[in-house]
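Taking it in order: structure first as C-alpha cells, then the write-up.
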Ligand code: PBG
C-alpha cells in the first residue's frame, strides 16, 4: 500500500518550498522600538536585553538613521526621564526627553520612515503606573485622560507621525483623537495598544525604562486568559477612531492576533515584547537554540496569525537578513 497523497512533493527542493511559501516578512512591516534616556553622554547596554541599549540623544539620531537605511517600516520611541514625579510631568513638558528626542529624530529622518511614540505615563511617574493616582492610590482613569490629551499634543507637535497610547485607560483613543483634532493635528495617527495583557513578558522592559513600579497593572491591563475582552477593547478603539490596533505581547497571544485580524478593518500590529526577545537571546547565549532560526520562526508565526505590522527589537537585524534573500 503506497500513499495516494504525497504532500512532501511540495517540500522536495528549496525552489518548490519558496514557491509555495504562504507567509512573508518584509523590512517595511517591522517597527523598531527604541529607548532614549535623558542626560546620557553615551548609550548604556541593557543587561536583560543583550544587544539593546538606552540611547543618548546623539546615539538615538544615529541609530534612527541606520534603521531607516535598513528599510524598517517605523520607529517607536520610549523616553526615560532623569527625574520622575507623581504626575509624570516629563511626559507633557515640550522639553521632556521623549518630546526632545522626537524632534531630533524627525529632523534626522524626516518622512523617510513612520515615527511613532509611546503615549503612556509609566516611564515618567515616580510610582511607575501608566496613569495618575487618586487619593486612595488607585489609577484615576479620567484624570489620566486629561494628561494623555496634553501628552498627545506635545508629541504631535514634536513631530511624531503616529501616537501609540499604551496605558489601557478607558476612552483614551477618543480623548487623544479629539485633542489632536482641536490642536490642528488631524493628520497625526493613532496606533492603539488595544489588547494589552498584564504580562510577565514585559519584565526586561522595566530595566529598559528604569521603571519605578512596585505592584502590578492588573486593574488596567487584561487577564491573560481572556479573549472576549480583547475583542471588546479592539471594537471600542475602532469606534473611537484608532487608525491601527495592536495586540501585545505577540507570540503567547497568536489566537488574539488572529481574531483581531478577522474583525479589524484597519491594520493590525503585534508587539513582540522584551521578554519574547530576551528568552530567545538567553537560550541562544547558552547554545540551547539556533538564534536566527528562532527569531525568524517567531516573526513568521506572528505574521501567519494575521499581524500586518510587527514591533520587534530585532527589526534592523532581520531587515538586513531579508535584504540578502
Ligand atoms: C507602557 C509599555 C510597556 C511596554 C510597552 N509600553 C510596559 C508595560 O505596560 O508594563 C512593554 C514593551 C516590552 O516589554 O517590550 N509604556
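Glycine is treated like the rest: Cβ placed from N, Cα and C.
As annotated by TrEMBL, active site, schiff-base intermediate with substrate applies to 196 (among others). Its own atom aside, the Cβ of residue 196 (active site, schiff-base intermediate with substrate) has 26 Cβ atoms within 10 angstroms in the protein chains shown.
Less than 8 angstroms from the CB of residue 248 (active site, schiff-base intermediate with substrate) sit 166, 193, 195, 196, 197, 199, 270, 271, 273, each of them six or more residues away in the same chain. Residues or ranges marked as active site, schiff-base intermediate with substrate by TrEMBL: 248 (among others).
Every protein chain shown contributes to the tally, and the Cβ of residue 206 (5-aminolevulinate 1 binding site) ends up with 15 other Cβ atoms within 10 Å. In the three-state DSSP classification, residue 206 (5-aminolevulinate 1 binding site) falls within a helix. Sequence annotations record features per position, and here TrEMBL assigns 5-aminolevulinate 1 binding site to 206, 217.
In the three-state DSSP scheme, residue 233 (Mg(2+) binding site) falls into the helix class. Around the Cβ of residue 233 (Mg(2+) binding site), the number of neighbouring Cβ atoms within 10 Å comes to 23. The Mg(2+) binding site annotation in TrEMBL covers 233.
The 5-aminolevulinate 2 binding site annotation in TrEMBL covers 274, 313. Its Cβ taken as reference, residue 313 (5-aminolevulinate 2 binding site) is surrounded by 26 other Cβ atoms within 10 Å in the chains shown. Under the DSSP three-state reduction, residue 313 (5-aminolevulinate 2 binding site) is assigned to coil, being neither helix nor strand.
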Enter the number of other CB atoms within 10 angstroms of the CB of residue 274 (5-aminolevulinate 2 binding site). 25
Between C-alpha atoms, which of these binding-site residues comes nearest to residue 274 (5-aminolevulinate 2 binding site): 206, 217, 233? 206
Determine the recorded positions, out of 206, 233, 248, 274, 313, lying near ligand 1 in the sense that the CB is under 6 Å from one of its atoms, and give them in sequence order. 274
Where does residue 248 (active site, schiff-base intermediate with substrate) sit in DSSP terms: helix, strand, or coil? strand
When a 10 Å sphere is centred on the Cβ of residue 217 (5-aminolevulinate 1 binding site), how many other Cβ atoms does it contain? 21
